[in-house]
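**Q** First, the structure itself, so that you have it in front of you.
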Amino acid sequence: MNPHAKLISTMSLLLGTTITISSNHWMMAWTGLEINTLAIIPLISKSHHPRAIEASIKYFLVQAAASALVLFSSMINAWFTGQWDITQLTHPTACLLLTTAIAMKLGLVPFHFWFPEVLQGSSLTTALLLSTMMKFPPITILFMTSHSLNPALFTTMAIASAALGGWMGLNQTQIRKILAFSSISHLGWMAIILIYNPKLTLMTFYLYSLMTTTVFLTLNTTKVTSLPTMMTSWTKTPPLNATLMLALLSLAGLPPLTGFLPKWFIIQELTKQEMTTAATIIAMLSLLGLFFYLRLAYYSTITLPPNSTNYMKQWHINKPTSTPIAILASLSISLLPLSPMILTTI
């Protein structure tokens, strides 16, 4: 890809995200979302592979439909209330349309179908952007309108996302698809607590982004995209693969790693809100995700499978691990002791 085109796309992504998260007016938020959508499409389709082109078309169609619904929702609200302020979303139809639009933007169930396919058609770095940075503006809009949303609807969508994300990830062999279903499952955890404690949703998103960035950058360094190649990648950089195993277990939410922190706080908050049944169901559903994270961790470091593979063992890489991966990996693994300090901020 032309360096100038890549620079323009990257700067547009930053601009679109900044506009959306800092705006109070619906039209400005919508403009930011549109800039984001148009900026990421060249990055998805940069390899010129048919699958990448298909992914970029799917992404464009879904995001265009979602943006139209955001605009429609804000216009209905302005028509009935005279307010263009994002925090003044009060009309029931507008609230329902906005929930649908943001669910499409994020890939929440039942609007999740595009997400695994788009991630599979993208490169690892673009998939990282789609899983983290591109979700930030829609989550910010949800954060600002959380008091107007329907609790029963969001709880249903959250539990369905956690269930489907765990269930569909079980039989995948492509790592990008596994991480896409992992993202859907984590979105379920964020959505279930959004109405009761929006700050906790943001904190969960930040920690999820941190852990996912570590996993994607590690996979990008070792050039691993599927389970068969992951089996033989341990010879490249054994310490990095050991770190990847811990980052994956952290994403699964196992104590004493960082990923346990948001799950613990969310279950605690749901119990305070007398939603013990929802907390129990979503905690049980996280076991589905735990299975495929354990499988990834097992494949990455613990052993070679008993059957022979058609892949040659990789050459050992002598260059040191990059500093950003080292810092992100340390944070992905060891933030749990800071939970009292984090608790005071939410």
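Cβ coordinates are placed from backbone N, Cα and C, and glycine is handled just like the others.
Marked as domain 'NADH:quinone oxidoreductase/Mrp antiporter transmembrane' by TrEMBL: 23-288. Annotated domain 'NADH dehydrogenase subunit 2 C-terminal' per TrEMBL: 290-343, in sequence order. Look at TrEMBL and you will find 57-76, 96-115, 152-171, 178-196, 202-219, 240-261, 281-304, 325-343 tagged as transmembrane segment.
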**Q** Under 8 Å, at least three CB pairs between the transmembrane segment (281-304) and the transmembrane segment (96-115) (pairs 6 or more apart)?
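**A** As far as Cβ distances go (cut-off 8 Å, pairs 6 or more apart), the transmembrane segment (281-304) and the transmembrane segment (96-115) do not touch.
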**Q** Do any residues, 6 or more residues outside the transmembrane segment (96-115), come within under 8 Å Cβ-to-Cβ of it, and if so which ones?
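**A** Same-chain residues near the transmembrane segment (96-115) but 6 or more away: 33, 58-59, 62-63, 65-67, 69-70, 72-74, 76, 89, 130, 135, 138-139, 141-142, 145, 149-150, 153-154, 157-158, 160-161, 163-165, 180, 183-184, 187-188, 191.
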**Q** Short question: which residues 6 or more past the ends of the transmembrane segment (152-171) have a Cβ under 8 Å from it?
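**A** Cβ under 8 Å, 6 or more out: 96, 99, 103, 108-110, 112, 116, 177-178, 181-192, 194-195, 275, 278, 281-282, 285-289, 291-292.
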**Q** When you scan the chain for residues with a C-beta under 8 Å from the transmembrane segment (57-76), skipping those not six or more beyond its ends, what do you find?
**A** 26-27, 29-30, 33-34, 37, 40-41, 44, 84, 89, 91, 93-95, 97-98, 100-102, 104-105, 111, 114, 117-118, 121, 130, 141
**Q** Any idea what the model's mean pLDDT is for the domain 'NADH dehydrogenase subunit 2 C-terminal' (290-343)?
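**A** Across the domain 'NADH dehydrogenase subunit 2 C-terminal' (290-343), the average pLDDT comes out at 77.
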**Q** Quickly jot the same-chain residues contacting the transmembrane segment (240-261) by Cβ under 8 Å, restricted to those at least six beyond its ends, or write none.
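**A** Same-chain residues near the transmembrane segment (240-261) but 6 or more away: 182, 207-208, 210-212, 214-215, 218-219, 221-222, 233-234, 286, 289-290, 293-294, 296-297, 300-302, 321, 325, 329, 331-336, 339, 342.
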**Q** Which residues, given as numbers and ranges, are at least 6 beyond the ends of the transmembrane segment (325-343) yet have a Cβ under 8 Å from it?
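**A** Residues 203, 207, 210-211, 213-214, 217-218, 221, 240, 243, 246-247, 250, 255-261, 264-265 contact the transmembrane segment (325-343) from elsewhere in the chain.
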